[in-house]
Amino acid sequence: MRKSILSFLEKKGKNEKITMVSAYDYHSAKILDNCDIDIILVGDSLAMIVLGMQDTLSVTMDEMLIFTKAVSRGAKKSFVLADMPFMSYQGSDRDAILNASRFIKESHANGVKVEGGIEIASKIKLISQSGIPVVAHLGLTPQAVNILGGYRIQGKDLQSAQKIIDDAKAVQDSGACMLVLECVPIKLAQKISSILEIPTIGIGSGKYCDGQVLVYHDLLGLNKDFKAKFVKHFDKIDPQIGVEKYRDEVKSGIFPSEEHSFDYLGEELLDKLY
């Protein structure tokens, strides 16, 4: 049976960790599906990892649809989540809903992911009301890399931390069914996870999120040019064993440890957040 948004809400209620992996092809999707990974994210990171681009901004809808279709063929039980690429939803309402629907109709994805908070809340509401599950993404949002000034930790001070909390509440209220938190301080992610009713999925945001996500190539150590603080290599000899180790460490709370997390907020700042 295909995993569902309802099953992820139940996991949050039972304090059971959700496992997510970013992957881009049929073969890796089959491995992840066989390892009982909850969610396979077809991330726009494929622009850099698969297509050799400098960032995620140039990947197109048609390219994302092709890779999502391949993953959907390989995943029989895992929930397939597709990244909506840059400017596929930030423009008109019509573009947002038509592009989201293409992932469902043409590539057989089960939901879509968008980056941003209050500024895209209306788009989240529109897409979710059409019957398409929407996952939001806050913190380090790669599609906004030019505004953020590079790939760096977000929410390190009181003002920016409160902004992320406000955005998290806004996307939940607009109908987002889940929230990815990327590269925010561990205590901020913990606070957001406790405030929200929807599950949080962390990447570089500590162990208190309701689940974790890593890129398939990164957790297996296949990308020698990239080793972020939040990445752990599990096994590059046998992908099945590597994915199973990742899954088990996420579920048991072993991963991520403090060495894979960022901690910039002191208790005095946390007490001022609401």
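Every residue gets a Cβ built from N, Cα and C, even glycine.
Annotation source Swiss-Prot lists Mg(2+) binding site at Asp44, Asp83, Glu115, citing sequence analysis. Just so you know, the Cβ of Asp44 (Mg(2+) binding site) picks up 28 other Cβ atoms within 10 Å once every protein chain is counted.
Among the features that Swiss-Prot reports, 3-methyl-2-oxobutanoate binding site is placed at Asp44, Ser45, Asp83, Lys113, with the record citing sequence analysis. Using a 10 Å Cβ-Cβ cutoff, Lys113 (3-methyl-2-oxobutanoate binding site) registers 25 neighbours. The secondary structure of Lys113 (3-methyl-2-oxobutanoate binding site), as reduced to three states from DSSP, is extended strand.
In the three-state DSSP classification, Glu182 (active site, proton acceptor) falls within a strand. Sequence-distant contacts of Glu182 (active site, proton acceptor), defined as residues of its own chain at least six apart whose C-beta falls under 8 angstroms from its C-beta, comprise His137, Leu138, Gly139, Leu140, Thr141, Gln154, Gly202, Ile203, Gly204, Ser205. Feature annotation from Swiss-Prot assigns active site, proton acceptor to Glu182; the stated evidence is sequence analysis.
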If you count the other Cβ atoms within 10 Å of each Cβ, which of the binding-site residues Asp83, Glu115 comes out on top? Asp83
Determine, from DSSP, whether Asp83 (Mg(2+) binding site) sits in helix, strand or coil. strand
List the Cα distance (Å, whole number) between Asp44 (Mg(2+) binding site) and Lys113 (3-methyl-2-oxobutanoate binding site). 10
Report, in whole Å, the straight Cα-to-Cα distance of Lys113 (3-methyl-2-oxobutanoate binding site) from Asp83 (Mg(2+) binding site). 5
Alpha-carbon spacing, Ser45 (3-methyl-2-oxobutanoate binding site) to Glu115 (Mg(2+) binding site), which is rounded to whole Å: 13
